[in-house]
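Chemist: Starting off with a structure, shown below.
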Amino acid sequence: MTLQDQIIKELGVKPVINPSQEIRRSVEFLKDYLLKHSFLKTYVLGISGGQDSTLAGRLAQLAVEELRADTGENYQFIAIRLPYGIQADEEDAQKALDFIKPDIALTINIKEAVDGQVRALNAAGVEITDFNKGNIKARQRMISQYAVAGQYAGAVIGTDHAAENITGFFTKFGDGGADLLPLFRLNKSQGKQLLAELGADKALYEKIPTADLEENKPGIADEIALGVTYQEIDAYLEGKVVSDKSRGIIENWWYKGQHKRHLPITIFDDFWK
């Protein structure tokens with residue numbers, strides 16, 4: 001078995017999907033989790049205005065609406081805007097919320113918390129790079145989401161999918177630190193298919209993907225940061241042949257991000273050796 005085959009198997013990616021079936025699969029997954037954990041009544045998710053949070057948010061809203069209808073209990077979905085100061089693409093985030101139609105929409109500006117943390121570190125003699133500050137932003141967003149979830153008997157939804165997972169393109173214990181991943185198994189183009197099936201405006205899934213964490217590189221496209229396109233990543237995940245250069249980049253990211261795919265390492269773990 002090649003490394004490509006191993007990765008595809010581990011991430012559960014199918015070369016071809018039925019969008020309506022995958023929507024139902026994710027919704028049922030989200031419903032089952034709440035039903036299994038009777039102390040939970042809420043899903044929480046940060047909404048950026050990008051493809052992934054838009055899709056996960058709509059799936060979460062559908063799940064709680066069906067649960068309310070099925071059980072008569074007050075399940076809910078809380079969508080949270082988490083800008084750092086003023087977000088350049090705030091209009092996109094609002095369009096995403098209009099599409100998702102969450103039960104509750106909150107806005108928590110993380111700028112004061114992030115800047116305070118950076119000042120405290122600087123005062124201790126630790127100079128924080130712009131890249132590192134970007135990771136602080138991602139982790140602060142998750143701190144806020146878990147704070148809300150803790151107050152409302154909730155679980156936090158993550159947006160990690162196969163194209164993001166294979167490259168490790170997420171912050172460890174930041175956007176990578178969630179309770180459930182309803183998009184896991186889907187690559188980037190398959191996520192677009194689900195949004196199209198759900199009737200989303202094309203603008204919500206055709207915009208250029210960006211983590212937008214670095215102030216020195218505002219809005220830098222994921223594909224530039226990764227050095228490979230999502231089309232090539234998706235092709236790799238679907239078992240297709242990609243160029244040697246792209247294969248090398250993708251597999252290097254896979255190895256580099258292995259530690260992000262595991263809980264804290266114990267003496268019994270050997271994946272890193």
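The count begins at 1 with the first shown residue.
Glycine is no exception: its Cβ is also placed from the backbone N, Cα and C atoms.
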Chemist: Among K133, K172, which is the one Swiss-Prot gives for the deamido-NAD(+) site where R139, D179, H259, K260 also bind?
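Modeler: Answer per Swiss-Prot: K172.
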Chemist: Name the one residue among T71, T129, T171, T210 that Swiss-Prot lists for the same ATP site as G46, I47, S48, G49, G50, Q51, D52, S53, T159, K188.
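Modeler: It is T210, as the record lists it for that site.
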Chemist: Spatially, and counting Cα to Cα, which of the binding-site residues is closest to R139 (deamido-NAD(+) binding site)? Options: S48, G50, E164, T210.
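Modeler: Nearest listed residue in space: S48.
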Chemist: Which of these binding-site residues is closest to D179 (deamido-NAD(+) binding site) if you go by CA atoms: G46, S48, E164?
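Modeler: Given the candidates G46, S48, E164, the nearest one is G46.
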